[in-house]
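Annotated features, as they stand in Swiss-Prot:
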COMPBIAS  1-14  compositional bias 'Low complexity'
COMPBIAS  27-37  compositional bias 'Polar residues'
DOMAIN    35-81  domain 'F-box'
REGION    1-37  region 'Disordered'
REPEAT    143-198  repeat 'Kelch 1'
REPEAT    199-246  repeat 'Kelch 2'
REPEAT    255-300  repeat 'Kelch 3'
REPEAT    302-341  repeat 'Kelch 4'
Amino acid sequence: MFPMSSTSRSSAANNRKDPPRKKNKETPSPVTREPTSIDSLPNDLLLNCFARVSRMYYPALSRVSKRFRSIVTSPEIYNTRSLLNRTEKCLYLCLRFPFDNNTHWFTLYQNPNRTVSDKVFLQIPSPQYPLTLSSNLVAVGSNIYRIGGTVGDDSCPLGFDREPSSKVSILDCRSHTWRDGPRMRLNRRSSTTSVVDGKIYVTGGTEDTDNPSHWIEVFDPKTQSWGTVTNPHIVKVWEEVCYRRAVKSIGHDGKLYLSGDKYVVYDPDEGKWNSVEEHWLIGYAIGSSNCVVDNILFYWDQGVFKWYDSKVSSWKQLKGLEGLPDDFSQREYCKLVDLGGKMAVLWDKWEYSGVCMIFCAEISLEKRDGDEIWGKVEWFDTVLEVGASCSLKSADALSASV
């Protein structure tokens, strides 16, 4: 082979084609997506989301838009809460003011404008019924029942010339609307009312001339009907007509406890009355602020919380409770309410400015060592301010499941 000349080498180099270069792939520019607004979600998805949120936030949600308000006030949301097992105990307060023919109703809600406990009582619609004095309030499920009392001339709010009533009014705590319920067989005022296994037992508050076989009536919310229970005859019959019997009741452990001239207990399963041997034990709770939480009876008296240990038939002091105000033990009275495994405590305090401050504490309960219960103060704060003429002592506090 002959050697290639420099000129030929140069020509060959110039004629040689470079290998094709790989083209760089263009990097796609990032796609900017608009954030999804919760308001753009369909109603059924919003309802499912809101049903999982505590009912205490519903007033704040209802202020966002008319659409949100429509969802959180719909019957469907409470049906969904029940299916999702998201029902909760909500606290209600009924206040009465001197020389005022109206009752004032409040429920505890979350307040986004507060920075401590973020909870406050908000007023809800009151019934458009004539004022009923000496009535009883009791809650079953999502309803609050106002039973009996006196009706008459509204210009005489102290109760003169007023007649006892068999009327029953029902507050639906899901919609905050009132309706009439089935009337009792007898007119009553200043009776005592307790709940046992979902049924309402109304005792006393009748005239001596009334049928004694109807002295105790029992209402079944499922069948919306009234029945009677055998009269245990625990009060003396006086010659004069007397409405205000010294009869008190407590529903506990599936039984109805009554105190009158003696202490008795009624077992609905057996359908009979028995004497209470340790009557003074139950008497402590009946005469004081009390409530039942997870089938355990609690009461408060003279600054001390106690619970009833049914295993040893003895009252024991509730331990812990650090965080309550220093002067709490000096309160004359307070209200105890079941909050579904926890306990709400309400008390009031008068200020020199002429204002009555209503406080609330939420206490979680824990069993320790088998025979002790400890309470932990989750929070406490002022939840309502009213005029000094109002007193929590004459108020009613209770909870409903919604």
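Any Cβ shown, glycine's included, is placed from N, Cα and C.
Listed as Cβ neighbours of the repeat 'Kelch 4' (302-341) (distance under 8 Å, sequence separation of 6 or more from its ends, same chain) are residues 88-89, 91, 252-253, 278, 281, 284-285, 289-294, 296, 347, 359, 361-365, 371-377, 380, 392-393, 395, 397-399, 401. With DSSP states grouped into helix (H, G, I), strand (E, B) and coil, the repeat 'Kelch 4' (302-341) comes out at 3 helix, 16 strand, 21 coil.
Each residue in the repeat 'Kelch 1' (143-198) gets a DSSP state, and the totals come to 0 helix, 27 strand, 29 coil. When pLDDT is averaged over the repeat 'Kelch 4' (302-341), the result is 90.
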